[in-house]
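In TrEMBL this protein carries:
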BINDING   ASP25, SER54  Mg(2+) binding site
BINDING   TYR174, LEU175, GLU176, ALA177, GLY178, SER179, GLY180, GLY205, GLY206, GLY227, THR228  sn-glycerol 1-phosphate binding site
Amino acid sequence: MTKPLLNLIQSASKKGEKLLAILLDPDKSSPNEISFIVKRIEKLKADFIFVGGSFVEDGVTASFVKKLRENTTIPIVLFPGDYSQVTNYANGLLFLSLLSGRNPEYLIEQQIKAVPFLKNSTLEIIPTGYILIDGGTNSSVLKVSKTTPIPQENIELAVATAVAGMYKGKQLIYLEAGSGAKQAVNYKLISEVKKNISIPLIVGGGIKSTEQLNNAYKNGADLVVIGTAFENNNFNNE
Ligand SMILES: CC(C)=CCC/C(C)=C/CC/C(C)=C/CC/C(C)=C/COP(=O)(O)OP(=O)(O)O
Ligand SMILES: O=P(O)(O)OC[C@@H](O)CO
Ligand SMILES: [Mg+2]
């Protein structure tokens, strides 16, 4: 099976080209605003649109992604809080396992529940190790998954978790400080994880400025995800 989206991320990572994803939460963006939102995303030259939320009502993601698809050619990648957010209108799916947590529901159960939706699907499925780092807030991911994030200071544990994910066959590692985090993933943690893995690294949560974005890149993030700052219209990357 070909994996064009993963190949794009892998080859950018090899060449040191940095990628940007804008995260849209279907619950928080009105379908009427989609063409306006798409214009803002195109202006930022984002490489991907991620779609997902920790709590999204059934069916909302599919209609939202369908509308989005009609308005842009930017690849749309699902970043699901649960299996009900899987829809074939997107291009790809981050097949997440919450490796920082010890809740079987988010390690394997949700993935099994998604299978009936994926049987005849054309979605590119990308095995992704998802690691929650303490961003100083009770993030939605923490609440929904009832798991404990890795403290920012525990770099050793974060690195071991990422490397274990790589050994398990994950193709991407995603370091997540939580949507709207007070503290984004710290640069030392990003660079130590990056040094120890040979797969691309995604970083997100609490990134609000071009300076933070560039520091995340400089320390080893291959792809940065921005949600809240874009939602609040205070990320212009200028
Ligand atoms: C593989 C499939 C089909 C599902 C995976 C399900 C897993 C393991 C999810 C990981 C845990 C989780 C709840 C992730 C949420 C990811 C996400 C979409 C975060 C962004 O949403 P937030 O911004 O935190 O949520 P709200 O905006 O809804 O508060
Ligand atoms: O909303 P923000 O804080 O940008 O976080 C983006 C993403 O990593 C959240 O899952
Ligand atoms: Mg959000």
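The backbone N, Cα and C atoms fix where each Cβ goes, and this holds for glycine too.
Where TrEMBL records a feature, it is marked here on the structure.
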residue: ASP25; record: Mg(2+) binding site; DSSP (3 states): coil
residue: SER54; record: Mg(2+) binding site; DSSP (3 states): coil
residue: TYR174; record: sn-glycerol 1-phosphate binding site; DSSP (3 states): strand
residue: GLY180; record: sn-glycerol 1-phosphate binding site; DSSP (3 states): coil
residue: GLY206; record: sn-glycerol 1-phosphate binding site; DSSP (3 states): coil
residue: THR228; record: sn-glycerol 1-phosphate binding site; DSSP (3 states): helix
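Sorted by the number of other CB atoms within 10 A, the binding-site residues GLY178, GLY180, GLY206 start with GLY180, the lowest. Residues near GLU176 (sn-glycerol 1-phosphate binding site) in space but far in sequence (CB under 8 A, at least 6 apart, same chain), listed by position: TYR130, ILE131, LEU132, ILE133, VAL141, VAL185, GLY204, GLY205. Summarising the environment of TYR174 (sn-glycerol 1-phosphate binding site), the number of other Cβ atoms within 10 Å of its Cβ, over all protein chains shown, is 25. For SER54 (Mg(2+) binding site), the same-chain residues 6+ apart in sequence whose C-beta sits under 8 angstroms from its C-beta are GLY81, SER140, VAL141, LYS143, VAL144, SER179. If you draw a 10 Å sphere around the CB of ASP25 (Mg(2+) binding site), it holds 23 other CB atoms from the protein chains shown. Long-range neighbours of THR228 (sn-glycerol 1-phosphate binding site) (same chain, six or more residues apart, CB within less than 8 Å of its CB): SER179, GLY180, GLY206, LYS208. For the sn-glycerol 1-phosphate site, whose annotated binding residues are TYR174, LEU175, GLU176, ALA177, GLY178, SER179, GLY180, GLY205, GLY206, GLY227, THR228, the maximal Cα to Cα separation is 17 Å. Cα spacing between TYR174 (sn-glycerol 1-phosphate binding site) and ASP25 (Mg(2+) binding site): 18 Å, rounded to the nearest whole number. ASP25 (Mg(2+) binding site) sits 14 Å from GLY178 (sn-glycerol 1-phosphate binding site), counting Cα to Cα. Checked against ligand 2, the binding-site residues TYR174, GLU176, GLY180, GLY206, THR228 give GLU176, GLY180, GLY206, THR228 as the ones with a Cβ under 6 Å from it, listed in sequence order.
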